[in-house]
């Protein structure tokens with residue numbers, strides 16, 4: 001349905017070639033079942049044309065195209081064919097059961113291709129175009145013809161090829177930037193010139209098909225639309241030969257987001273883009289780069305303190321589209337070394353903490369120190385940090401520094417600095433292992449009778465830089481006190497946990513003495 005205040009002549013037809021050109025990407029082969037699943041997703045999200053494969057390439061490709069053609073509910077199903085009679089017949093057979101089938105046939109037109117690959121003259125190629133397009137048109141009503149390497153083809157000859165294809169019955173004319181050589185203004189002018197110079201141009205829809213060798217595939221695709229093309233060929237996640245194709249999700253969101261300067265529209269349901277991206281990534285085993293536009297993990301993630309502050313005040317300060325518009329649940333404020341105090345406070349409130357000003361500042365300082373040491377900060381890291389901070393507020397004994405020397409030979413040695421009731425104490429001790437050395441050091445610095453009953457370690461989060469959470473239980477005079485502490489360094493976490501339990505024993509003793517005297 002044409003949207004309000006938009007005309008049908010400004011509709012951009014979205015042609016997806018993930019299952020054909022995308023699968024030609026080395027290593028991106030999909031199984032029969034995966035192709036069917038991807039095709040169902042594309043059909044369901046409003047893609048207009050699905051190029052389901054290259055039927056002559058293999059029995060498996062033929063069967064996949066035929067099955068997709070039988071099951072498609074809305075999309076036109078296209079099969080690719082070289083300008084060879086056998087290819088065209090095979091493609092026609094594959095799509096014959098589709099509600100709407102298309103044969104997409106192509107031939108090279110550039111001088112370098114004609115001389116070194118085709119070994120044909122310009123006149124011979126014109127004859128091939130006429131014959132093969134007519135053959136395809138006898139099999140289906142919808143025929144697309146492509147001029148391979150169009151952007152390196154002289155414009156006069158390209159006009160003759162286009163005219164011949166339309167005269168033979170082509171309903172769509174595709175002018176690909178096969179090797180990703182064009183720049184946007186050049187590509188725009190090519191379409192404009194051909195549509196002006198070919199008398200029958202209004203009898204066909206013009207199509208763009210851009211590769212990303214210079215990183216210009218999406219920009220060139222949009223430029224082609226501005227030049228008069230009304231079909232864009234693209235792939236999910238931009239997968240394809242060499243550097244890939246124009247990414248479908250980027251084309252769609254550019255059209256939707258910049259409707260203020262581009263009066264175009266398309267039928268694709270953008271809220272399904274992220275799901276489609278994940279499906280194709282899983283099927284091809286090609287991970288999506290983190291900073292990939294629209295569907296990358298970081299597309300709606302913010303770590304910079306300045307950006308996070310702006311996002312908390314008004315999301316439009318740093319987001320030009322909503323995450324929900326592409327199927328992402330919400331924006332992510334990533335906590336890291338670049339995060340600011342405002343974002344840290346917001347994260348604490350999300351986690352259920354409301355700290356006093358001095359507690360917040362202390363926790364923020366410790367958070368920044370942790371972020372300098374740890375690549376990924378998870379909610380569990382922040383919870384462990386704040387719980388430890390709140391528990392340590394009234395501690396009499398505090399860890400200032402710890403150095404441990406450990407190795408395969410000889411005893412392990414720990415050197416520790418503690419602040420005890422405001423006074424600094426330094427000591428070193430040996431032990432049967434680094435943890436034993438740390439605990440022996442504490443016993444020298446703060447002599448006590450408490451016995452170690454429990455020592456447990458587990459990782460708070462995943463990864464080699466995960467924080468270790470250590471639990472320690474000490475008992476004295478029949479009473480047991482347990483404390484937990486977390487740190488990327490297991491030995492530091494062990495010292496903090498031990499001191500936490502020891503502080504609880506000290507505080508308990510201080511409360512018990514006045515109570516005994518009063519009785």
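From the backbone N, Cα and C atoms, a Cβ is placed for every residue, glycine too.
Annotation comment: Swiss-Prot describes 12-274 as domain 'Pyruvate carboxyltransferase'.
Annotated Mn(2+) binding site per Swiss-Prot: 21, 209, 211, 245, in sequence order. In sequence order, 17, 146, 174, 175, 176, 177, 178, 233, 245, 246 constitute the residues six or more apart from residue 209 (Mn(2+) binding site) in its chain with CB-CB distances below 8 Å. Taken residue by residue with DSSP, residue 209 (Mn(2+) binding site) is part of a strand.
Taking DSSP states H, G and I as helix and E and B as strand, the region 'Regulatory domain' (398-519) has 41 helix, 53 strand, 28 coil. Look at Swiss-Prot and you will find 398-519 tagged as region 'Regulatory domain'.
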Which same-chain residues, if any, lie at least 6 apart from residue 211 (Mn(2+) binding site) yet have Cβ under 8 Å of it: 176, 177, 178, 179, 180, 217, 240, 241, 242, 243, 244, 245, 246
Per-residue pLDDT averaged over the domain 'Pyruvate carboxyltransferase' (12-274), given as an integer: 97
Local backbone state of residue 245 (Mn(2+) binding site), from DSSP in three classes: strand
DSSP three-state assignment for residue 21 (Mn(2+) binding site): coil
Proximal but sequence-remote residues of the same chain as residue 21 (Mn(2+) binding site) (Cβ under 8 Å, at least 6 apart): 51, 233, 235, 240, 241, 245
